[in-house]
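Annotated in Swiss-Prot:
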| type | residues | note |
| --- | --- | --- |
| BINDING | Cys16, Cys18, Cys38, Cys41 | Zn(2+) binding site |
Amino acid sequence: MRADIHPKYEKLVATCSCGNVIETRSALGKETIYLDVCSACHPFYTGKQKNVDTGGRIDKFKQRFAGMSRSIKR
């Protein structure tokens with residue numbers, strides 16, 4: 001086996017925009033990274049997720065194009 005072919009696996013500090021700090025290890029090559037969202041502030045993990053009502057959107061689409069019909073002239 002060849003020696004020294006793997007990247008260095010070092011400590012990494014990930015800082016979220018909400019202020020949450022996560023310490024982990026990575027071969028990224030950086031000491032710190034900045035995140036937009038993390039498990040402490042993401043709506044899915046915090047339970048503040050909003051469901052989009054697609055049924056109303058489909059009904060609105062059908063209503064908009066209900067009067068149109070395909071007329072093929074031969």
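Even glycines carry a Cβ here, placed using N, Cα and C.
Applying an 8 A CB threshold to same-chain residues 6+ apart, the list for Cys16 (Zn(2+) binding site) reads Ile22, Tyr34, Leu35, Asp36, Val37, Cys38, Ala40, Cys41.
Taking a C-beta cut-off of under 8 angstroms and a sequence separation of 6 or more, Cys18 (Zn(2+) binding site) has the following same-chain neighbours: Val37, Cys38, Ala40, Cys41.
Cys41 (Zn(2+) binding site) counts 16 other C-beta atoms within 10 Å of its own C-beta, drawing on all protein chains shown. Reduced to three states, the DSSP call for Cys16 (Zn(2+) binding site) is strand.
Under DSSP, Cys38 (Zn(2+) binding site) is assigned to coil, being neither helix nor strand in the three-state scheme.
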